[in-house]
Amino acid sequence: MSSVTSAPGRAEVEARTLRSDRWWVSPAVTFGVLFLFVVYATWRAFEDRHYFAEPYLSPFYSPCLATSCAPGSSDFGAAAGDWWRLSPALLILVFPLGFRLTCYYYRKAYYRAFWLSPPACAVAEPHRRYSGETRFPLVLQNAHRYFFYAALVFNVILTWDAILGFRNEDGEWGHMGLGTVVLLANAALLTVYTLSCHSCRHVVGGRLKHFSRHPVRYRLWTYVSRLNARHMLFAWLSLFSVAIADLYVRLLATDMFSDPRFF
Ligand code: FES
């Protein structure tokens, strides 16, 4: 009997799968949502306008580091100067993008949904060879731990952006609008997503032989482990929140919506 895949070590089963449930729903939904996000994020990153509606800055453009940034949007200075002629989003997106692209959860999600490797548990994949993540380019997935450190910095920046949302258009403090809530929620979800990262769990509690000798790290590890159990949930929520925050700023910047002010 010949198997659907001829890879060594695979079970000799003729059928592509013996599963009778709707196993394809999850990878199909994952494919659709991630595809839409990639299309939207790419369009917005290249659009190079409508990313700042005083006092709100889109997370896709934060920090805005080029002199071409919209006036008032460079709270961390224009370190890139005026030699950068492309969209300022392209200067910084490698960090949040790299973090998400190399995320252990997203790897599982897009290997299944886009590469069908395999599309689901107990469903044969169409590929004949499998080298895992031991060769270029997938060996670069090991850079995830470094993107994790960058993500921590970005979380601080986006939290600061959200705090700036307590100002009004004239820069006076003590105001709050729906945009403040949107940016705060996004910063919080991104922070929880980062803290629930597998690399974070390893940084906090890994390489220890005796937890009893490291009570503080042990305590932190238990907190991170609790978050880690919901990492997939935080991955999706923060993906939606970052797109919603950007869209909200764009609606304000194009005068398609006016920010409701609470005080
Ligand atoms: Fe998903 Fe690190 S494992 S962000």
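Placed from the backbone N, Cα and C atoms, the Cβ positions cover glycine too.
The feature transmembrane segment is assigned by TrEMBL to 23-43 (among others). Residues 17, 60, 93, 109-110, 112-114, 116, 119-123, 236, 239, 243 of the same chain, all 6+ positions outside the transmembrane segment (23-43), place their C-beta atoms under 8 angstroms from a C-beta of that stretch.
Taken from TrEMBL, the feature transmembrane segment applies to 83-106 (among others). Nonlocal intrachain contacts for the transmembrane segment (83-106), taken as residues 6+ away from its ends with a CB within less than 8 angstroms of a stretch CB, comprise 41, 44-48, 51, 60-69, 140-141, 143-144, 147-148, 150-151, 154, 194, 197-198, 231-232, 235, 239, 242.
Long-range neighbours of the transmembrane segment (146-167) within the same chain, counting only residues 6 or more positions beyond its ends whose Cβ lies under 8 Å from a Cβ of the stretch, are 55-57, 59, 62-63, 75-76, 95-96, 98-99, 102, 173-177, 179-180, 183-184, 186-187, 190-191, 194, 197, 199-200, 203. As annotated by TrEMBL, transmembrane segment applies to 146-167 (among others).
Per TrEMBL, transmembrane segment is recorded for 173-195 (among others).
Residues annotated as transmembrane segment in TrEMBL: 233-253 (among others).
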